[in-house]
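These come from TrEMBL:
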- 1-33: region 'Disordered' (REGION)
- 14-33: compositional bias 'Low complexity' (COMPBIAS)
- 43-64: transmembrane segment (TRANSMEM)
- 76-102: transmembrane segment (TRANSMEM)
- 108-127: transmembrane segment (TRANSMEM)
- 134-152: transmembrane segment (TRANSMEM)
- 185-218: transmembrane segment (TRANSMEM)
- 266-288: transmembrane segment (TRANSMEM)
- 300-319: transmembrane segment (TRANSMEM)
- 326-346: transmembrane segment (TRANSMEM)
- 352-379: transmembrane segment (TRANSMEM)
- 400-425: transmembrane segment (TRANSMEM)
- 445-464: transmembrane segment (TRANSMEM)
Amino acid sequence: MNIQHTPAAGRDVSGSAPCGATPPGSPSTGSAPSASIQSRSALASYALFALPLAMVALPVYLFAPALYVRSGGLALAGVGAVLLAVRVLAALADPLLGWWMARNQRGYPWHAAASLAPLLLGYCALFNPPALDGAALMAWFAAALLLVYLGYGLATIAHQSWGSAIACDAAARVRLMSAREGCGLLGAVLAAACSGVLGYGALALLFCACLLPAAWLLLRRAPRAAVRPPATASAGQPAQPPALGQAPARYALLAPWSEPRFRCLFGVYSASALAGAIPATLFVFFAADRLGLPDNWAGPLLVLYLLAAAASMSLWAALARRWDTLAAWQASMLLSALVFIWAYALGPGDGAAFAAICVLTGIAGGADLALPPALLAGLAAQSRSADAAAQPSAAPYFAWWNWCTQLALAFAAGATLPALALLGYEPGSAAAETGAAPQGTAVLAAAYALLPCALKLLAWLLLLRGARGSLKSLNGREI
């Protein structure tokens, strides 16, 4: 793919204004906001790249282990260990990717383009394994996963940072993030609905068919960040050294942690992300062993949840404009906990009630997709506006954000399942066969419903405290 490097596209946001956007191919200086992101075509060109990225996250997390265990004959424990190890490596790599992106001068379009090769190769290799046995197949699985997560991390950080650079106010950020996450939900729904019908090999072809056009639109049609020319010394005057507190590029990775609001927001998001990762890990086990639902119920229930989340994102964006972003996020957390806690009381035959819970928690989950990225983008924009030398790029912010998500998923898979086994839960004893929930599923229900609700309430308390303190400036009117 031939990428035209315009002046706006050829430099990182470290040399750009704190906010502002220009149409692709249009050099611009200064930080005046542009109306280019207000057009639907520009918004779609940026947001549609999230669709194939979501097709990476869902199938790899839910479907790849089943493929290698059932079709490849690998041990479940070995596949789980590889997943955990690769997740941890990906979590460690994401901040380094953010540091690398902030340090070099190529710009977000270049980084997004660089992610395409590992994404395409890794995804196709992962879902089209060769006829290998034992250790060789496990090595193939690990290598393909590493490629997928490397490309996914690079693409996600570049895409999120790009959005932060072209949106200048709270309304624009919520609109941009809502469009991006809405496209991501569409990709997740597409993967969930089609994987069982098309098969995994065809799913890889579908992914390629979605990724390449979306990447073309992003790289050729999406708005670029407005460029600010670098400061130069006046005639006869030597260049001034960096002011105290201005960090060189090698410290860009740690720059977000010098911001108290980032530390507070990161703590809130950590609790919220873990509250979402645990039910995602236990979803199939809960549906089969606690509720006794057939295997073919998992896909439709997941689609229900995702569609409800997609439909509610505009509602949460409107509430963020009417109240403020922090208040809207707090309301969604309370709604999620108040609804999801009823899952603990469900048992065999309660499939309809569980479907209703999926819809209601999906409505609450739409806020988690749209509002936290908007808050983070606003925080990054504020920090870079206040001190562009010390906070040169949004990439480290989103890199640490992705690091938190990766660690939450790794912890959910690597700690929750072994803990359940120690407490007496044995997967595979379907409730449908006994007419009652089998032995050990009470602890499964507690881990699936009660623990996430407790974590969600913890996140709510942390956000409530932050809204009265360090996060007060991120009230949706100033970001």
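Cβ from N, Cα, C; glycine included.
TrEMBL does not curate its annotations; it predicts them automatically.
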Considering pairs 6 or more residues apart, do the transmembrane segment (134-152) and the transmembrane segment (445-464) have at least three CB pairs under 8 Å?
no
Do at least three C-beta pairs under 8 angstroms join the transmembrane segment (445-464) to the transmembrane segment (266-288), pairs 6 or more apart in sequence?
yes
With a Cβ cut-off under 8 Å, give me the same-chain residues at least six positions beyond the ends of the transmembrane segment (352-379) that come close to it.
160, 163-164, 167, 170, 173-174, 176-178, 180-181, 184-185, 259, 261-262, 265, 269, 272, 276, 287, 291, 293, 301-302, 304-313, 315-317, 320, 325-326, 328-329, 331-333, 335-336, 339-340, 342-343, 346, 394, 397-398, 401, 471, 474, 478-479
Cβ under 8 Å, sequence separation of at least 6 from the ends of the transmembrane segment (76-102): give me the contacting residues as numbers and ranges.
12, 14, 65, 68-69, 108, 111, 138, 141-142, 145-146, 149-150, 152-154, 157-158, 161, 249-250, 252-253, 392-393, 395-400, 402-403, 406-407, 409-410, 413-414, 417
Output the single range from 43-64, 300-319, 326-346, 400-425 maximising the number of Cβ pairs under 8 Å to the transmembrane segment (185-218).
43-64
